[in-house]
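Annotated features, as they stand in Swiss-Prot:
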- Glu91: active site, proton acceptor (ACT_SITE)
- Cys338: active site, S-methylcysteine intermediate (ACT_SITE)
- Cys111, Cys115, Cys118: [4Fe-4S] cluster binding site (BINDING)
- Gly164, Glu165, Ser196, Ser218, Leu219, His220, Asn295: S-adenosyl-L-methionine binding site (BINDING)
- Cys104-Cys338: disulfide bond (DISULFID)
- 97-333: domain 'Radical SAM core' (DOMAIN)
Amino acid sequence: MKTNLLNYDLQGLTRHFADMGEKPFRAKQVMRWMHQSGAQNFDEMTDLAKSLRHKLNEQASIEIPKLMMSQESSDGTRKWLLDVGTGNGVETVFIPESDRGTLCISSQVGCALECTFCSTGRQGFNRNLTAAEIIGQLWWANKAMGVTPKNERVISNVVMMGMGEPMANFDNVVTALSIMLDDHGYGLSRRRVTVSTSGMVPQMDRLRDVMPVALAVSLHASNDEVRNQIVPLNKKYPLKELMAACQRYLVKAPRDFITFEYVMLDGVNDKAQHAYELIELVKDVPCKFNLIPFNPFPNSGYERSSNENIRIFRDILQQAEFVVTVRKTRGDDIDAACGQLAGQVQDKTRRQQKWQQILIGQQG
């Protein structure tokens, strides 16, 4: 079987070329061809010796996930569905803004966690994505979006906030991050690459040590009672442990704050008392809040908080001198908004079946 070179960061490529008896600089050349020029085969790599190209064609490949579907929202948001084999597809979303272009990347086929308000979680879980399948999303988006009139890349920021829990696919995510940051890859700044987690504490510590990029934490609750219900991972890593991990992460983080993401669920976590509890919870963690109006999906069982409740919640946090943004809903007409990504998941957990049985029971 041929080796897919998209699975390697520069260190891995260098080892691979050493095993082939080639000099280390070949790794940098090939990496630039793949990620900066968008090369899909070795014959395009004209500065490589013909003998090396022949050897690479025999032993290696550049396998990028196939594009199944592309959609564009009325607000300019774009979504791609990529085929990752065996009936599975993952979604990637590009969000244009006046000062930046952000790509939201998936890390798993489905999600192993079961956050109750998330469409991806309802789809169940099939497998982790390979490093090639993760970086392949940026490859596709980069090819589709091109460059600005000033010859700058349209994609300036990457957030690991698509399908899946990135920390549960740690090694492959770190390899993909390494390619994103490498000057021979995409040359992104650590400050402009964000990994989001629901709170896998040991992996947060590992990421801090090996690849400290910006960190976002899917918080969504101000106390353990509520969070246990809507983010079941909290039963393993409760809020006290999570806050301590956030403090440790900041020691090496490229930004001097953690972003806490908080989906606003009507009657669940959006009362004034929850805002005051949040203030107490995060008092020792430099942070900013991103309030996310819930994006409905069929049979979710939740409603979006009213604009008034969101405003009151925001004002309480701001009065306590926190930076607070209320996320604009982008791409909801193509199901590309936060919490709506579902892709195509051949579920191995029977979670889809479980939710169907619950719904049948509710309708009966």
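Cβ atoms here come from the backbone N, Cα and C positions, even for glycine.
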Query raised in the report: Using a Cβ-Cβ cut-off under 8 angstroms and a sequence gap of six or more, which residues of the chain neighbour Leu219 (S-adenosyl-L-methionine binding site)?
Result: Arg227, Phe260, Glu261, Tyr262, Leu278
Report summary line: For S-adenosyl-L-methionine, with binding residues Gly164, Glu165, Ser196, Ser218, Leu219, His220, Asn295 per the record, max Cα distance (Å, no decimals) returned as 19
Query raised in the report: Over all shown protein chains, what is the count of other CB atoms within 10 A of the CB belonging to Ser196 (S-adenosyl-L-methionine binding site)?
Result: 20
Report summary line: Long-range Cβ list for Gly164 (S-adenosyl-L-methionine binding site), cut-off under 8 Å, min separation 6+ in sequence, same chain only, gives Ser106, Ser107, Gln108, Val109, Gly110, Cys111, Ala112, Thr120, Asn128, Leu129
Requested in this report: Name the one residue among Cys104, Ser196, His220 whose Cα is closest in three-dimensional space to that of Cys115 ([4Fe-4S] cluster binding site); these are the recorded positions.
Outcome: His220
Requested in this report: Count the Cβ atoms, other than its own, that fall within 10 Å of the Cβ of Cys111 ([4Fe-4S] cluster binding site), considering every protein chain shown.
Outcome: 28
Requested in this report: Specify the secondary structure state of Gly164 (S-adenosyl-L-methionine binding site) as given by DSSP, simplified to three classes.
Outcome: coil
